[in-house]
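Have a look at the structure below before the remarks.
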Amino acid sequence: MSLPNSSCLLEDKMCEGNKTTMASPQLMPLVVVLSTICLVTVGLNLLVLYAVRSERKLHTVGNLYIVSLSVADLIVGAVVMPMNILYLLMSKWSLGRPLCLFWLSMDYVASTASIFSVFILCIDRYRSVQQPLRYLKYRTKTRASATILGAWFLSFLWVIPILGWNHFMQQTSVRREDKCETDFYDVTWFKVMTAIINFYLPTLLMLWFYAKIYKAVRQHCQHRELINGSLPSFSEIKLRPENPKGDAKKPGKESPWEVLKRKPKDAGGGSVLKSPSQTXKEMKSPVVFSQEDDREVDKLHCFPLDIVPMQTAAEGSSRDYVAVNQSHGQLKTDEQGLNTHGASEISEDQMLGDSQSFSRTDSDTTTETAPGKGKLRSGSNTGLDYIKFTWKRLRSHSRQYVSGLHMNRERKAAKQLGFIMAAFILCWIPYFIFFMVIAFCKNCCNEHLHMFTIWLGYINSTLNPLIYPLCNENFKKTFKRILHIRS
């Protein structure tokens with residue numbers, strides 16, 4: 001049986017070398033292998049789409065690009081591969097010109113959409129790593145969907161030359177009815193130009209983006225290691241009372257945590273004077289703030305305040321006044337410290353909400369002393385300033401912690417992108433190198449090698465859904481749940 005030439009992304013039957021024959025017993029094992037690859041491709045990509053649809057943890061902006069890539073791969077496995085196998089079994093194309101144009105259109109569109117989906121996924125990862133918190137505000141499902149639609153729109157532009165090349169170029173090419181090929185199959189300049197736009201240029205840009213991603217993640221890891229070498233991590237923060245021995249520190253030599261727990265003495269220019277004729281009534285202060293639903297900060301308590309009845313000379317009347325008891329002026333926390341349990345499982349949408357809550361803090365508030373009321377305002381502002389001071393510090397470190405969590409997630413996402421790009425380049429580069437050779441040397445064609453490079457590009461659609469669970473724990477758990485696989 002004659003082995004026909006196969007359709008491909010940017011070339012249709014350009015390989016015009018000597019025909020080789022293959023007996024049916026020799027051809028059937030190849031057909032079985034290719035059919036198995038086709039079925040596996042369809043099954044795995046359907047599994048990815050069902051997993052994203054059924055698991056809420058996978059409803060993230062980043063996975064929209066994965067869905068786009070999976071849809072393109074599904075078209076390759078469900079339409080392009082089977083018709084290529086059918087064409088392989090036939091000695092000539094006998095299914096008619098309309099079905100041929102449909103197959104060619106799906107081949108070009110799906111393969112290009114797969115390439116562009118990897119490209120926009122790479123851009124998304126690049127921006128997430130370079131500007132994590134700023135890009136999170138921009139990174140919405142609406143914008144991601146618009147980007148994906150743009151990529152598919154560009155891919156569908158292939159339909160124009162496939163269906164109307166002779167009409168627009170006003171040239172008539174010799175068309176063989178027993179072959180399924182485009183009207184521009186012998187136009188070298190057009191095929192080289194589209195190869196550069198469809199593959200070489202996106203690939204070079206992706207390599208540049210990924211180099212930047214790798215550099216940014218590496219620098220971030222080195223920066224965090226440097227910080228962790230001198231400061232405790234956010235999950236280890238536990239505010240402790242003042243050192244009873246009162247070890248003296250030189251100005252400017254205090255660590256940030258010592259500044260955080262330091263009492264702002266004399267912040268208002270004086271200390272609180274209690275009335276000698278009255279006894280201070282101590283009571284435990286209520287909770288300053290409680291974030292029961294927050295996954296990073298569980299519950300923080302303020303220090304105890306004293307309700308001190310005071311009488312001032314200026315007013316001549318007594319009233320209750322909130323003052324700081326210096327003997328209880330430390331910040332108390334829960335025995336478990338700051339609860340960070342479950343922070344690693346925060347979804348991207350939750351991370352977006354949390355990161356937006358950590359807004360830029362205002363500058364520290366200074367106090368002014370009025371004549372006759374200086375000591376009274378001093379005590380009040382000391383307590384309030386200490387609360388504000390501590391809260392601003394906690395929000396500042398919480399912001400850094402959220403940024404750190406985001407970078408850890410992006411490091412894993414960058415790893416996933418690295419595997420996807422490696423599979424993409426390894427699968428497609430042999431075909432495009434071979435294509436550039438035969439584009440200028442039509443006699444330099446080995447028919448079996450040509451077919452091998454075509455199917456190697458198709459196999460990229462089979463490998464992509466295998467990469468997701470290897471690099472994403474949520475995909476892995478969802479796949480096991482759907483397939484009823486017990487760990």
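Glycine is treated like the rest: Cβ placed from N, Cα and C.
Annotated in Swiss-Prot:
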type	residues	note
COMPBIAS	238-261	compositional bias 'Basic and acidic residues'
COMPBIAS	353-369	compositional bias 'Polar residues'
CARBOHYD	Asn5	N-linked glycosylation site
CARBOHYD	Asn18	N-linked glycosylation site
MOD_RES	Thr140	phosphothreonine
MOD_RES	Thr142	phosphothreonine
MOD_RES	Ser230	phosphoserine
MOD_RES	Thr279	phosphothreonine
MOD_RES	Ser344	phosphoserine
MOD_RES	Ser347	phosphoserine
MOD_RES	Ser380	phosphoserine
MOD_RES	Ser396	phosphoserine
MOD_RES	Ser398	phosphoserine
REGION	107-112	region 'Important for agonist binding'
REGION	238-292	region 'Disordered'
REGION	345-379	region 'Disordered'
REGION	424-428	region 'Important for agonist binding'
TRANSMEM	30-50	transmembrane segment
TRANSMEM	65-89	transmembrane segment
TRANSMEM	98-123	transmembrane segment
TRANSMEM	145-164	transmembrane segment
TRANSMEM	189-211	transmembrane segment
TRANSMEM	417-440	transmembrane segment
TRANSMEM	447-469	transmembrane segment
Worksheet item: Taking the transmembrane segment (65-89) as the reference, which of 30-50, 145-164, 189-211, 417-440 gives the largest number of Cβ pairs under 8 angstroms?
Response: 30-50
Worksheet item: Between the transmembrane segment (189-211) and the transmembrane segment (98-123), are there three or more C-beta pairs closer than 8 Å, counting only pairs 6 or more apart along the chain?
Response: yes
Worksheet entry | Contacting positions for the region 'Important for agonist binding' (424-428) when only residues 6+ beyond its ends and CB under 8 Å are counted | 115, 118, 199, 203, 456-457, 459-460, 463
Response to the item:
Model confidence over the region 'Important for agonist binding' (107-112), as mean pLDDT, sits at 94
Response to the item:
DSSP says Thr140 (phosphothreonine), in three-state terms, is coil
